[in-house]
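Contents: one structure, followed by commentary.
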Amino acid sequence: MRRLARAVLAGLLGALAGLGFGPVFGGVPGPAPFVTAVAACAGAATLVVAVAALVPRLPSTVVSLAGAVLVVATAIAVTGSGAAIADGPWRLLTGALPADPTGPPLGAVALFAGLATLFAGLLAAYAGSPLAPVVPPLICLLAALGLGASGPPLPGWYAPAVVVLVLAVLFAGQGAAPRPGVLAMVAGTGAVAVAATLLLGPAAPGSGEPADVRTLVSAPVLPRSGVSPLQQYLALRDETLPVRVTGTTSRPGGVLRMATLSRFDGTYWTVSGDFRLAGRRLPHTPAGSRQVTVTSRIRVESGDPDWVLSPGRTTRLTVAGLGVDESTGDVAVPAGTASPTAYDTTSMVNQADAGALLSADPVPASAPLTPPMPAVIRGFVERTVAGRPSASGQLIALYQRFKTAGDFRYDEAKDVPGGHGYYQIQHLLETKRGTSEQYASAYAVMARGLGVDARVVMGFRPEYRGDAFTVTGRDVDAWVEVRFAGLGWVTIDPSPRGNTIGTRENRPRTPTRTGQVDDPLKNTTPRRGGGTRPRASGDGPPSGVSRSDDVWLPIGLTAAALLVLLVLSVPGAKTVRRARRRRDRSPRRAVLGAWWETVDRMREAGLPAGPSLTTGQAVALTDGMPELSALATMVDHAAYAPEDTSSDLPMRAWETAGEVSRRLRDGMGRRGRLRAFFDPRTLLRPR
């Protein structure tokens, strides 16, 4: 019975480790399909373990193989993954969290949990070492923590439960009952460890930045519109890029956001995040208690938008397979994919009011503004914020200068200049007229110059009739979001819409309701010196006897585990090398890294490529593949051109390298792609 009890305890530990994948699917215990799949696979494994413990004469090899087959069959049957279950790990590594609890991703997690349960139980039943049964569940738990690092945290009871089961497995492996003194010492040590984890863990160094294993894999989704959708502002405003969207919302009067632009290079605001494959549930980081849930129904009647429209940060979407930026929540249509024509969204809208903003501190920017503001813009900022010592007071001063001082005008003329870089901002300060594109860019740049974290948001300001709305290109809009401690990103609209100049035929007929919800600073009156306000309270949040005929089982299992690690180390090393090449600080070396990566893929495809070939010779090996030829041109420019490599060339080179890799993979069969995935030859030749 001791053997059976130890095997069952080890199985329970494996099942608990499997539940550690809960954050990948939204939290612990997780959605019902996830719990059901893990319980089914762990239950099947525990059944095999119980049989092995009760019938010790069964050959261990037969039991192990039968158990593995049963667990695999259970995972496939419960999740309906079929042979696609092999794609589950890749989809988990490249997808956004939370993952949808269906298909291959769920099947892969359930299979991993079931195998961890099976191996833990078999080691408990057959192995002599009391530590051996603990290893598979801990490996499973480590994988769960790495994969779900960006998801919700595990509940407080989880760590003590793991500790209790580990101790139970170890004690069950003892030949004699431990003495009371030993039990008391172990219990006291465990209690101190658990208490220290619960009390000191959140304040431990690095606890706010968990290691996410998904960062080792490049995000595979490329937005269809590129990285600067704000360049389409004029085309939408003039309706040369036609679009018409209708729908309903539970919160009429608000704006519809489209894309968040958080990187400024002096000329353009661009999207800076990585886009991962999204399911129907999207990542959301709570930013306080001042958020409201808004539901919307969107119908695209004409046009082909490159982004999903939503009143706020989308948390649920009825269409899967799009790309999502986990940091901003933007949902983009991937390149080569048609836009959805109808979808429903659930989103979170920040409803912070002016009082909350005045009592909160703006969050400092993570890096200085580069390139710095020209002297004209810097002088304007210094004059505007003079006498305002607080960051909030300076933001209000800039807002009031644009919005209510009376000398800046909102340009409604038919023909208006486009652009939002330093040149256009200086032109705005000289002429004192511009569109929301220029006002939003100017305010965000000036806030960044003051050291505050700010960004530009592009979207639409719909026309409402009740809870129904209509959006056309003329409703295109831009505004600013500033991050405040304890509040998150708060909308600020610096455009002086009440002081217009010029007119156009397609000017929006009905202005959108603004006020405390859409523009919390609208009704504020700046006080000299920024006023006094309370500061925010926080910075943001006994050994068994082995059978003689089974003595080789632990060695065999260990050797198998080492073999698996050795095999998986090849694609793992390739992934790490690819990431280092792509993220090289030198643009020139980053472009060359794209070429080296492509040459490696050519070798894996069976082409006689190598470092000694010129770019022209490599292109000739593929019969002049256009994508490879384009990449070769970029590489030659980066390697031999006298001028410095442009900052956007590495991105274009890696995008082209990805297209070449896809073309090469399409020319290989399933077996060839599998062989290339584990091919170690490209790792043997140093770069």
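Glycine too: its Cβ is placed from the backbone N, Cα and C atoms.
As recorded in TrEMBL, the features of this protein are as follows:
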- 36-55: transmembrane segment (TRANSMEM)
- 62-86: transmembrane segment (TRANSMEM)
- 106-127: transmembrane segment (TRANSMEM)
- 134-151: transmembrane segment (TRANSMEM)
- 157-175: transmembrane segment (TRANSMEM)
- 182-204: transmembrane segment (TRANSMEM)
- 428-496: domain 'Transglutaminase-like' (DOMAIN)
- 495-547: region 'Disordered' (REGION)
- 551-573: transmembrane segment (TRANSMEM)
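For the transmembrane segment (106-127), the partner stretch with the highest count of Cβ pairs under 8 angstroms, out of 36-55, 62-86, 134-151, 157-175, is 36-55. Within the chain carrying the transmembrane segment (36-55), a Cβ under 8 angstroms from the stretch's Cβ atoms is held by residues 3-4, 6-8, 10-12, 14-15, 18-19, 21, 63, 66-67, 70-71, 74-75, 78-79, 101, 106-107, 109-111, 113-115, 117-118, 121-122, 124-126, all 6 or more beyond its ends.
Counting residues of the domain 'Transglutaminase-like' (428-496) by DSSP class, helix then strand then coil, yields 21 helix, 32 strand, 16 coil.
Mean pLDDT of the predicted structure over the domain 'Transglutaminase-like' (428-496): 95.
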